[in-house]
Amino acid sequence: MDALASLAHGFAVALTLQNLGLAFVGCFLGTIIGALPGLGPSNGVAILIPLAFTLGLPATPAIILLTSVYYGAMYGGRISSILLNIPGDEPALMTTLDGHPMARKGQAGEALALSGIASFVGSLLATCGLVFLAPLLVRVALLFGPAEYFALFTLAFATLGGVASRNQAKSLIAAALGLGIALIGVDHQTGVPRFTFGNVHLYDGINFLVAIVGLFAISEVLLFLEHRGEGEHAPGKVALGRVTVPLAMLKRTWATMLRATGVGFLAGVLPGAGASLGSFIAYTLEKGLAGKGAGFGAGEPRGVAAPEAGNNAAAGGALVPMLALGVPGSGTTAVLLAMLLALNITPGPLLFQRNPDVVWGLIAALFIANVMLLLMNLPLVGLFVRVLRIPTRYLMPGVAMISFVGIYGISGSTFDLLEMIVFGVAGYLLRKLDVPLVPIILGILLGDQMEKNLRRALTISDGDWSILWGSWLAIAIWTLAIVGFLAPLVIGRFVRPKVKDTVAQ
Amino acid sequence: MNKLAAACAASLLTALCASAPAVAFEPAATECIAPANPGGGWDFTCRQVGKTLYDLKIVPSPVQVTNLSGGGGGVAYSEVVAKRDSDNDLIVAASSATSTRLAQGAYPGMTMGQVRWIGSIGADYGVIAVAKDSPIKTLKELLDKVKADPSSVAFAGGSAVGGWDHLKVLIAAKADGIDDIRKVKYVAFEGGGEAVTQLLGGHVQAFTGDLSEAKEFSDSGDIRILAVLAPKRLPGDFARFPTAKEQGLDVVGANWRGFYAPGKMSDDAYAFWVEAVKKVYASDEWKGIMKSSGLMPLDLDGAAFTAFVKDQIDKTTAISKEIGLIK
Amino acid sequence: MSDRVLGGFCLALAAFFLWRTTKIETSFITDPLGPKAFPVIIAGVLGLAGLYVLARPDARPDWPGAGRLVEIALAVGVMVAYALLLPSLGFVAATALGAGYLCWRLGAGPLEAPLAGLVISLGIYAIFHLVLGLSLARGPWGF
């Protein structure tokens, strides 16, 4: 009840005309930033901080603006994933798998509207979770040491078969490539450079945004060049279809959204896991539950709803450790944290007592932003799909140039641009060879964490491997990982005929 | 209200500034390079100092902040040395990370003499802490435990091995007479926040980081700060933390923030920037920023700052050699 | 055949990876697992997957003809040139040229292409620099 009263107070703080206006601007800019390849939520928030400073905003309005941008970017990432098969940022990666096939089938509008609703459900429930479960969840987050994180990332990898393409060996190649790329740079645990060839640009490792934009966006441009003038690859011909979600589709996906929200929220709460892991596990979980033959990967609505509910829920979850502990659960919350510090507010265990106005104003703003985003995103679906009507000869050069500037604007580095072109060419060749690109990115994002946490755990235990199953939590995750790895095989063997029947009907 | 006060302070200072002796160098389109992506420490240093410079009317137009990331600042360093060597309107954000990497040769082929060091704008002092339920009460006790059995204490920190958080522990261990500092167990996490949670969760036994990262957890009673690595007790609210020095360990670890400028910058321009950073440091506006971001006093400029950086690099080089990080 | 090349390439890459792994210089301080274990495992996985693809390749993908390959190579060349010239030409000019070229190669007419390039360039400049305030390459004319 206490939380409800505080929340009501928060709404009183947040519901002023100025704050609503800022939330609107933030949602709008955030959606655009999320949709632009190369700019994700963390960069989006970071580049808008100067704007908040320039406007001379006090703490609460500034935070409202920036969290609206944050939520907006999480919504926006899906747009380019679905329409162009280019993830706007890394949490939207999984949305390409079924979102783009839906668009190719002429269901772009439905995919956008459905994912918009899934995003809404995910972040709405996550924000509720933030209000009521924060203190409890913080305790859970603290249970995760290096050993538990290692088990968690292994769990994610064990289910990688779930996203595989037709050829398992090729998705293995892709994952290994990603893992290899993740190793480039100075090794965290010993301080020695690995695979940098003495090049200072590689000391920090490969920025995964460069890899994503290169692999997806640049290779897409090259594919269009190859197919210039051929009818079937020109999106100008794509039927726009309806721009709302049929009720039947919502009925079929609501359970998916709820499950994905739960998984995503938990992944978000853990500092060191994050939105990408949330949407990934949400997707593979749904795919596993549906069994083979459910059409995942070929434009299945559940495959769109799951990652979007998952990554938006993770965005809300990541605020739990940030607000309650002062520890960022993701890159974006790290930037928000820095922003709070600059505004003379120290997040941490005492934040709720010391600055209740800010905290509850912020949480109220999250609810407001969320409703605003839904209201903004559903009518705009009709506008977004019109992007597909832009002739390829103008759209694709625009996409290429936005990709370049997205990377250059953040890093200011020509080397990053060249790196991105290399990824683009590689992405083109790999696509021609039917090697899936998603496991490469997952390899970069997750593999790095897997190695780091394993080595941290072994450092702590002086090389004693039993630390890896030294707690009940670790054992529970290992059990899940083993089940997650074996279940598709077992289900594939025994349940497949039944699933096929239901699909056939 | 606050804004109004700040504006008054700014205009007051402008009046004072106007009476200062004219400097021969006139800044034009000034630029501050943040050698990292938006949102990081260097980015904030550039943006906040840039804003203060403009608010105080020290520069005629807003300072353009350029992000040039890569190589832990190495890309920006070599860019400045190679291409912007005589740019009079350019300053670059730097910190202990810069001097640590220079010392360890992580900027290949670069030395501190290739740029001009302008001044510092504050420092964040190192701390060593344990969880609240730990039986250890002083830094000495902790280090004695390490001395007796190095594997009994795992230190968690936010920097990579060989980075600043790690070096602080090693310097302290050395001061306590631990012979083989390579045996000190250090676990690298992504950022101080993650390291603190590992301490709270009981996965490690000690935390090494900066005061700004640890203060809030100390206020809430979750962790016990054993020592601040400052030369003397810090002012105000921070005075309750004991220093390492008063515990008989001569260890000072300051994560300073400051600026360097291109190596062939004209003397007039260099003098201008040294003076400009000094003015920023002295302003009320900056004092407010320091307070809110947990920065502690450290005002060194020109020659004194250059000597300070050199000293830090020499010390880092020595200890890095000892642990075999550099040959 | 394409898949056999891919498999062979993966094997070679795995071997290269192993060779570079042996070159990693460890210092006196090292954790129990060390920096070399993961590279070795990954090289192993990559090599095995490569072998599998080498032994059981998929059907040949339909590669574009020589003309289109030259087209793609030229576009990559233009992108590289764009990246290299960006700091000296400035953002607007370089982007207009780059985007104009791509528009032209994707089928825009000789008049439309440069125009479209300019519009794309100015549009991006407006959004990224004027609205979002990112610093783009300044070039000789300041934009």
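Placement of Cβ uses the backbone N, Cα and C atoms for every residue, glycine included.
Per TrEMBL, the feature domain 'DUF112' maps to A:20-442.
Annotation source TrEMBL lists transmembrane segment at A:47-71 (among others).
Here TrEMBL flags A:111-134 (among others) as transmembrane segment.
Panel annotation: around the transmembrane segment (A:140-162), residues 168, 171, 175, 269-273, 277, 280-281, 283-285, 287-288, 320-321, 325, 439, 442, 446-447, 449-450, 452-454, 456-457, 460, 467-471, 473-474, 477-478, 480-482, 484-485, 488 of the same chain, lying at least six beyond its termini, place a Cβ under 8 Å from a Cβ of the stretch. If you look up TrEMBL, you'll see A:140-162 (among others) marked as transmembrane segment.
If one looks beyond the transmembrane segment (A:169-186) by at least 6 residues along the same chain, the residues whose Cβ comes under 8 Å of a Cβ in the stretch are 157, 160-161, 163, 192-196, 202-206, 211, 430, 433-445, 447-448, 451. Annotated transmembrane segment per TrEMBL: A:169-186 (among others), in sequence order.
Annotated transmembrane segment per TrEMBL: A:206-225 (among others), in sequence order.
Residues annotated as transmembrane segment in TrEMBL: A:260-283 (among others).
Positions annotated as transmembrane segment by TrEMBL: A:322-346 (among others). Using a Cβ-Cβ cut-off under 8 Å and counting only residues 6 or more beyond its ends in the same chain, the transmembrane segment (A:322-346) has close neighbours at 40-42, 45-46, 49, 52-53, 58-59, 62-63, 66-67, 70, 73, 130, 134-135, 137-138, 141, 268-275, 314-315, 352, 354-355, 358-359, 362.
The transmembrane segment feature in TrEMBL is assigned to A:358-382 (among others).
Residues of the same chain lying 6 or more positions beyond the ends of the transmembrane segment (A:394-417) and with a Cβ under 8 Å from any Cβ of it are 36-39, 43, 47, 84, 86, 201, 207, 209-210, 213-214, 217-218, 220-221, 224, 235, 387. For A:394-417 (among others), the entry in TrEMBL reads transmembrane segment.
Here TrEMBL flags A:429-447 (among others) as transmembrane segment.
Here TrEMBL flags A:467-491 (among others) as transmembrane segment.
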*Verify whether three or more Cβ pairs under 8 angstroms connect the transmembrane segment (A:47-71) with the transmembrane segment (A:429-447), leaving out any pair fewer than 6 apart in sequence.*
no
*Can you name the far-off residues of the same chain, 6+ from the ends of the transmembrane segment (A:358-382), with a Cβ under 8 Å from a Cβ of it?*
6-7, 9-11, 13-15, 19-20, 23-24, 26-28, 31, 59-60, 63-64, 67-68, 71-72, 75, 109, 112-113, 116-117, 119-120, 123-124, 127, 130-131, 243-244, 316, 319, 323, 340, 345, 351-352
*Of the listed stretches (A:47-71, A:206-225, A:260-283), which one yields the highest count of Cβ-Cβ distances below 8 Å with the transmembrane segment (A:111-134)?*
A:260-283
